[in-house]
């Protein structure tokens, strides 16, 4: 009877296919050990390294897209909800029917005060929060505070709206500073992953050439602001698809409006106190707010799940180990740097111009003349113009550095001068195309301004130890400018345009002066960043070959004991060798017995 071959091959024995497998390696007990446990015969180390760094670069692009989309969704929800809330609360009938004598206008004024005034103190705590939580987690917590503000609108009371508005005001500067720092760090990482061979040749402690990451930084900032400026358009979706159906037309809302544009005083003087034809149902409002809450939650998930860390864990340890007192003081010490002092007027103008686009241009010129029902369309025109014009920032790859920033200032200068002499007639739609053109052009200037400033800061301050301080200063001055606009909201339009024009001219002149100084070779005075003082003595800080030390440590150099507190040797002659038994540290059992070593003396 013929034997049936086994279904599975017996280990250690030659199978029916012979003594060799498909790779030509002998099978059975005679197989050489090196062939079994050695490297894969077709393994290509260079190819695997190339694939590894390609995955790393794709991860960086994923981080940039996730941070950009998260910021866009966050501000779309915030601006859309705030705009809808202020319009509803402005209507007299809505306030009396829904809330009676609760004092809703007073609550709204305190809420706006909390949003605009609280960021003034942000310079005191923003660097500490970013160093304590880390860049990514600061972004996540700030987006969560924006979502908290959205959630409080389910129950509109003084004790819900005002505290959440104060918390949101505290989160504005940390969110923007961490976002700017994050995008800059991603550009630096992308350069490292693209030029890994050069870094291997130079050594792990050698810094890349200054300005080497600038092209990647410019592209990433263009991506970020292209997404962000779309938030103004997305914020109008509740207005277009929900609230516009309840609004009166311009003949009712603008009935008592006498002057617009450059002749106007304050914000919409003479505007009708009733803007709603019918009151929206509470159920419909809850549905809209639930959609906004879901989008805010989605933004939190994007930042939490898709954004990777900006620093390695050892780098974050070094960043927060310089001492909390030094972290608190360093933003103020950076005022010594003439580059930041020359850029402060541009920081202030950056806050002025975005508030003027949302209030002065769209309300004082747009709503005042063509009605509240066209507010959303004007802001959509501004948003799309700014988002598309952000791509013009790529011209910085070929043009001199000052060109995009000065070009944006030039566009705004021409528009501001034109608005000085234009007073549109209320309730007349013939000039509506001029409003759309002005909104688009203002968006072009805003895009060049925002993209150029953020890219410039990332190029001038490449040290990872300074980036969070610099972006904190930038966005704090923006917050100061927004607070100033909030205080001067009742000024005549001519006064607002005059302040805007003077700030713009001063900003452009100061920036060009800074570039002239840099071309002459004037060296900026930067505050010294203290060395990290680590409290824990672990293997990471005692190794002679410390591959995890920061770039600053590598440049300054030092021995294996750098960063570790060393005790000075006692004065006098060195004692002789002690017995081995007395040098040994007592074990826990001996400590419990009160002994000093192996033999108690």
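Quick reminder: no glycine exception, Cβ is built from N, Cα and C everywhere.
A TrEMBL annotation is a machine prediction, not a hand-curated record.
Given the structure is predicted, the values throughout are model-derived calculations rather than measurements.
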Request  = Give the range, chosen from 91-110, 111-130, 191-210, 251-270, that TrEMBL lists as transmembrane segment.
outcome  = 111-130
Ask   = Between the transmembrane segment (495-514) and the transmembrane segment (161-183), are there three or more C-beta pairs closer than 8 Å, counting only pairs 6 or more apart along the chain?
value = no
Inquiry  = Take the C-beta pairs under 8 A between the transmembrane segment (469-489) and each of 216-243, 346-367, 405-423. Which stretch has the highest count?
reply    = 346-367
Note = Contact set of the transmembrane segment (111-130) with the rest of its chain, CB cutoff 8 A exclusive, min separation 6+ beyond the ends, reads 138, 161-162, 165-166, 168-170, 172-174, 177-178, 181, 324, 327-328, 330-332, 468-469, 472-473, 475-476, 479-480, 482-483, 486
Message = Does the structure show the transmembrane segment (346-367) and the transmembrane segment (285-311) touching, where I'm treating 3 or more Cβ pairs under 8 angstroms (sequence separation 6 or more) as a contact?
response = no
Remark   = Long-range CB partners for the transmembrane segment (285-311) (under 8 A, at least six residues beyond its ends), listed in sequence order, are 59-60, 62-63, 66-67, 69-71, 73-74, 76-77, 80-81, 84, 134-136, 139-140, 143-144, 146-147, 150-151, 153-154, 181-182, 185-186, 238, 242, 319, 464
